[in-house]
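Features reported for this protein in Swiss-Prot:
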BINDING   ASP9, HIS11, HIS43  divalent metal cation binding site
BINDING   ASP9, VAL10, HIS11, HIS35, SER36, ASP57, ILE58, GLY59, PHE140, ARG143  4-CDP-2-C-methyl-D-erythritol 2-phosphate binding site
SITE      HIS35  site 'Transition state stabilizer'
SITE      THR134  site 'Transition state stabilizer'
Amino acid sequence: MFKVGIGYDVHRFVEGRKLILGGVEIPFEKGLLGHSDADVLVHAIIDAILGAMGENDIGRLFPDSSPNYKDISSLVLLKEVAKLLEEKNMKIVNIDSTVVSQRPKISPYTNEMKNKIADCLKIESTQVNIKGKTTEGLGFEGREEGISAYAVVLICE
């Protein structure tokens with residue numbers, strides 16, 4: 001049986017933090033605010049996987065009220081979700097995702113992001129797709145207040 005899940009996340013920019021997207025540190029003057037490393041792309045992918053599995057969302061599985069997850073790499077959380085998939089004998093068919101930001105442009109980093117995400121999930125990088133989009137200056141992303149990400153995941157049992 002095939003199952004699909006959709007994920008979404010958003011974080012706002014702040015001074016004094018690193019910008020991490022898809023597990024990759026991207027040179028930029030601001031980072032994203034969050035309890036963990038605030039990796040919106042990985043968070044959206046985690047939520048999509050959990051949704052396809054019929055599980056709770058990322059906030060319930062890894063609550064921001066827990067000190068265990070303070071500043072944690074989202075790739076560590078993704079590996080935990082990969083273990084859940086394995087326990088349920090489910091496999092990822094593919095992931096399609098979109099990062100929405102006016103700046104920075106992510107295209108120079110997408111191959112590295114794909115590889116890191118695929119490694120965590122024990123799948124091929126060809127099963128992971130990452131696109132970058134702007135909002136042509138519209139909305140909070142267009143005003144460079146933050147970044148959002150969307151992900152769709154297809155899994156099979």
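Quick reminder: no glycine exception, Cβ is built from N, Cα and C everywhere.
This view paints the features noted in Swiss-Prot onto the structure.
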residue	record	contacts (Cβ under 8 Å, 6+ apart)
ASP9	divalent metal cation binding site	VAL40, LEU41, HIS43, ALA44, ASP47, ILE58, SER148, ALA149
HIS11	divalent metal cation binding site	LEU32, LEU33, GLY34, ALA38, VAL40, GLY146, ILE147
HIS35	site 'Transition state stabilizer'	ASP64, TYR69, LYS70, ASP71
SER36	4-CDP-2-C-methyl-D-erythritol 2-phosphate binding site	PHE62, ASP64, TYR69, LYS70, ASP71, ILE72, SER73, SER74, LEU77
THR134	site 'Transition state stabilizer'	VAL100, SER101, GLN102, GLU141, GLY142
PHE140	4-CDP-2-C-methyl-D-erythritol 2-phosphate binding site	VAL10, ARG12, GLY146
How many other Cβ atoms sit within 10 Å of the Cβ of ILE58 (4-CDP-2-C-methyl-D-erythritol 2-phosphate binding site)?
25
Can you list the residues of the same chain, besides ASP9, HIS11, HIS43, whose Cβ falls within 8 Å of the divalent metal cation site's Cβ centroid?
VAL10, LEU32, GLY34, ALA38, ASP39, VAL40, LEU41, VAL42, ALA44, SER148, ALA149
